[in-house]
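The transmembrane segment feature in TrEMBL is assigned to 29-52, 58-76, 104-128, 173-191, 223-243, 304-325, 346-368, 374-392, 404-433.
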Amino acid sequence: MEPTTTPLLPGDRGRCGWLRRRLRLKNPLSSELSGAVGDLGTFIPIVLTLTLVSNLDLSTTLIFTGFYNIATGLLFDIPMPVQPMKSIAAVAVSESPHLTPSQIAAAGASTAATLLLLGATGAMSFLYNLIPLPVVRGVQLSQGLQFAFTAIKYVRFNYDAATLKPSSSPRTWLGLDGLILALAALLFIILSTGSGYDRDAEDGDLAETSSNQSQSRRRRLRLLSSIPSALIVFAIGLVLCFIRDPSIFKDLKFGPAKFHILRISWDDWKIGFVRAAIPQIPLSVLNSVIAVCKLSNDLFDKELSATTVSISVGVMNLIGCWFGAMPVCHGAGGLAGQYRFGARSGLSVIFLGIGKLIVGLVFGNSFVRILSQFPIGILGVLLLFAGIELAMASKDMNTKEDSFIMLVCAAVSMTGSSAALGFGCGVVLYLLLKLRTLDCSSVTLFSQSNDGSRDDSEAAPRAV
């Protein structure tokens, strides 16, 4: 049976109460604000690259994703992320020729239509209940480790925006985007947030003893955990943008870009679907819907409806892609990152959405000048913690069989760079292990009983 969720548009009765519950803080304001920027380690590099390489309309993207953040924060009441469709972005900038904005929009709309169809027909809910948990954990583990590996490359090497990948030249120790800056941000976040355990769990552990030393430790941990570490690190990165290139002040132009509807030809549909949508669809089904629903239950004890999440992705892109906004989805990595830095309610992403709206409306496309100077090492640090938090969701695989399935699925996903390939291998392995332990005695007894009843029925006419 599919879990029940609050409808997007409740009736007039109780509407104020519904909105008030959605706008309630579940963590201190500083923690919610810090968690709001927890997924920008993936958002900023992809948006920046698509803007520079594929002429993405940054102003439109910021405005639409801002509205998406506000809507999903109200709908799901958790820090539901709005992230780029990574496979489409990778194809758009890494393959030659690069995809045009119309082809990117066609790929996003095709993926969105597929997810909308799966959600509206109930097929996504069927898949969600059918897919074994160890397979989902394998997909999450591979995605989390890939985020972590990419983050370490961002910290160690210089970033090449033209390929969406780190370049081969190592990052220098000194400078406004050097290794020392990234390591300082890393140490600051570790000291303030620790291993990412929930504050309530830490308080519960410390409450078992009442010594003065324990009370002092509790106060120290509370003080450290109240520091909005990710927000501070991100704010420092913004300040460094202007220090690295003071000419940014002259290049900034105020006001959003004009909205326009893209003209998508039949060739754009074919190219966008074949080259970008086909590899994106299985990734969106697994990581943007199924893994997100499982992870929300792990982190927030709230099992989202796979139907609602799938329809949400479909509606967002079927609206925004026509105006040139970047194709987006909900990602398990973004959800883990926002949780890791303190986000616990939908208000966190509502704050993020308001920030995107302000930036998109005030600075428009000229904001790319600021993003182009943002220290990539700092983004790598944020992405590292998001990836580790996502990978840690697999810690509940307690049996050897479940761990075996999860690790094989993760290994294939990472080696083949395809979540769909790892998913397929994980499902086949799961079925083979179940077939190996299948109790054949019941099947034999059932077959013998059928044979006996058939013999009795044949002997009855002869007796007459």
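Placed from the backbone N, Cα and C atoms, the Cβ positions cover glycine too.
Taking every recorded stretch in 173-191, 304-325, 346-368, 404-433 and counting its Cβ pairs under 8 Å to the transmembrane segment (58-76), the highest total belongs to 346-368. For the transmembrane segment (104-128), the list of distant contacts is 2, 50, 54, 56, 85, 88, 91-92, 262, 264, 268-269, 271-273, 275-277, 280-281, 284-285, 288-290, 293, 305-311, 313-318, 321-322, 324, 326-329: same-chain residues at least six beyond its ends, Cβ to Cβ under 8 Å. Tertiary neighbourhood of the transmembrane segment (374-392): same-chain residues 37-42, 44-45, 48, 140-141, 143-155, 158-159, 171, 176-179, 181-182, 185-186, 189, 193, 196, 230, 233-234, 236-238, 240-241, 244, 295, 332-337, 339-341, selected by CB-CB distance under 8 Å and a gap of 6+ residues from either end.
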